[in-house]
Amino acid sequence: MIPPASTPPASNPLLTARSLVLLQLLSRILTFTLNQSLLRLASPSVFGTAAIQFDLVCSSILFLSREGIRNALLRKTGVNNEVEPKGGSQIHALSVAPLQLGMVIAPLITGLYLWSSSQSTTSQQGFHLSLILYVASALIELSIEPCYIRVHRSSPPKINVRVQAEGGMAIVKAIVTVASLVGLGEGKALISFALGQVAGAIWLAVRYIKEFDWSVKSLVTTQRVEGQPRFDPDTFTLATANTWQSLIKHLLTEADRLAVTRISPLDDQGGYAVAMNYGSLIARIVFQPIEESLLLYYSNSLSSAATFPLFALTIRLSLYLSTIIQAFVPPLFPAISPLLLPRQYRGTSASSILSLYLKVYIPCLSLNGVTEVFHTASADPSEVKRQGRWMIASSGVFASTLFVLTHLPPHYVSKNGGPFQLVTPNREECLVLASCAAMVIRIVYALRHAKRYFSFRKPSLRWLSLLPSVKIMSWACLVRLVLGLLATSGRWERGWKEWAELIGIGGVMGLATLGFIAQAEGGHMKGLRRMMKAEKSN
């Protein structure tokens with residue numbers, strides 16, 4: 001059995017976030033470059049099948065099998081914020097459960113997917129073999145869950161192992177996929193994507209297993225201590241509640257991809273996948289590392305004096321991001337989008353989806369992430385169940401919003417006396433907007449939970465403390481006005497010099513905006529660092 005990890009001290013979320021952001025940044029820069037090759041080598045239909053449908057099958061198996069258990073095992077404090085002494089054998093036994101769950105869930109999800117897939121999808125060359133390889137890659141990832149838990153429960157957490165494992169996985173996956181596409185040809189493009197997926201999973205597993213002396217047997221077997229239950233009762237109860245909740249959460253998170261597979265042809269699914277890949281770069285590079293770092297910190301030191309200022313700071317930074325997006329993306333997107341989308345995707349819905357994704361979905365995703373991660377670390381089983389009811393309500397909001405938007409009559413407007421243009425959102429845009437409406441419900445619940453949690457502690461949560469600086473909001477409005485006037489003049493379309501002028505002005509204003517934010521929040525961040533250093537020294 002993998003030896004138990006000692007209970008770690010609270011990790012510094014700033015240092016952890018920096019490591020994980022660098023992991024995502026370096027791996028995504030390389031994979032972004034390689035993915036540009038994929039977009040040009042693979043047809044939209046193949047890219048849609050791999051990036052939307054197969055990836056959805058894979059992520060569903062992983063999320064439903066491990067998410068609830070992982071979050072429960074990463075928590076070191078109980079309902080009363082006291083450190084819980086969990087036995088190493090109990091931790092290990094529960095960390096093996098995701099693979100066992102995956103062996104049950106994988107056939108169910110795969111069978112449901114095959115049953116619901118159209119003939120045009122399943123008749124693609126290499127479809128069934130590729131699907132099997134994707135499912136196998138998910139099971140490989142689940143098999144090393146005990147190593148993942150041990151890495152994060154070590155003292156201090158071995159973030160470098162995760163950086164090497166996940167960074168290498170992304171790079172290996174992209175390289176193998178591109179090489180296979182070149183070697184096997186477009187006719188076997190699906191198999192190429194599947195080979196890349198499996199190669200990445202193998203790299204991940206090998207790196208984790210190597211860290212713990214190649215103890216493969218311990219990944220699937222457990223040793224029970226006499227007189228001790230197999231699982232810690234409190235942790236198991238929380239893991240069970242989290243797992244049931246994760247089913248609802250996953251349906252909501254992936255509702256747009258579930259729907260797009262049903263209502264859009266394969267080519268438009270490819271366009272949707274391209275837009276999602278670009279739009280989610282911010283989520284993968286910035287949001288995911290920050291959320292995971294916050295989860296590690298909150299889970300270890302929820303009663304810390306730094307918890308409230310850290311929570312308030314992350315909310316404000318999320319709102320600053322939304323402000324930046326609204327100021328810069330609408331005027332600059334028309335000038336940048338031709339660089340992002342290959343010619344074969346410009347006839348799809350990719351451009352309009354990407355624009356909407358950046359302007360609306362990313363701000364909602366940011367705020368939802370930092371609020372829900374606090375709930376995950378602080379909620380007891382009864383509060384997890386209450387969140388489940390809110391999630392059911394948000395699913396109703398998603399369905400009703402999608403129904404209303406898809407049944408709107410065609411609406412045309414004329415801008416500046418020009419020709420009339422259709423402004424009614426297409427089906428893929430409706431999915432993005434419906435997902436945002438559902439996320440708003442989840443954000444409201446998570447903020448209510450935080451308000452309730454901090455009401456019993458000092459300082460209590462005041463809504464005004466979460467709002468960004470009025471000066472920066474005013475500056476953002478000025479930026480939007482200036483860039484909007486420059487963009488609508490059409491001068492940037494005359495040549496590359498005029499285009500570079502628009503982008504250059506946007507870049508200078510962007511740097512100025514970041515400087516103003518750093519100035520406004522610098523005092524809060526310095527105070528937060530001092531509090532964390534003081535706690536660490538104690």
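Counting starts with 1 at the first residue shown.
Here the Cβ of each residue, glycine as well, is placed from N, Cα and C on the backbone.
The transmembrane segment feature in TrEMBL is assigned to 319-341 (among others). Only residues 6 or more beyond the boundaries of the transmembrane segment (319-341), in the same chain, are considered here, and those with a CB under 8 A from a CB of the stretch are 274, 278, 350-351, 354-355, 358-359, 362-363, 366-367, 466-468, 472-473, 476-477, 479-480, 483-484, 486-488, 492, 499, 502-503, 506, 509-510, 513, 517.
According to TrEMBL, the transmembrane segment annotation covers 390-410 (among others). Long-range Cβ contacts of the transmembrane segment (390-410) within its own chain (Cβ-Cβ under 8 Å, at least 6 residues beyond either end) map to 245, 248-249, 251-252, 255, 259, 422, 424-425, 427, 430-431, 433-435, 437-442, 445.
The transmembrane segment annotation in TrEMBL covers 430-447 (among others). Using a Cβ-Cβ cut-off under 8 Å and counting only residues 6 or more beyond its ends in the same chain, the transmembrane segment (430-447) has close neighbours at 252, 255-256, 259-260, 353, 356-357, 360-361, 364-365, 367-368, 371-372, 374-375, 387, 390-391, 393-395, 397-399, 401-402, 405-406.
According to TrEMBL, the feature transmembrane segment maps to 468-487 (among others).
What TrEMBL lists as transmembrane segment is 499-520 (among others).
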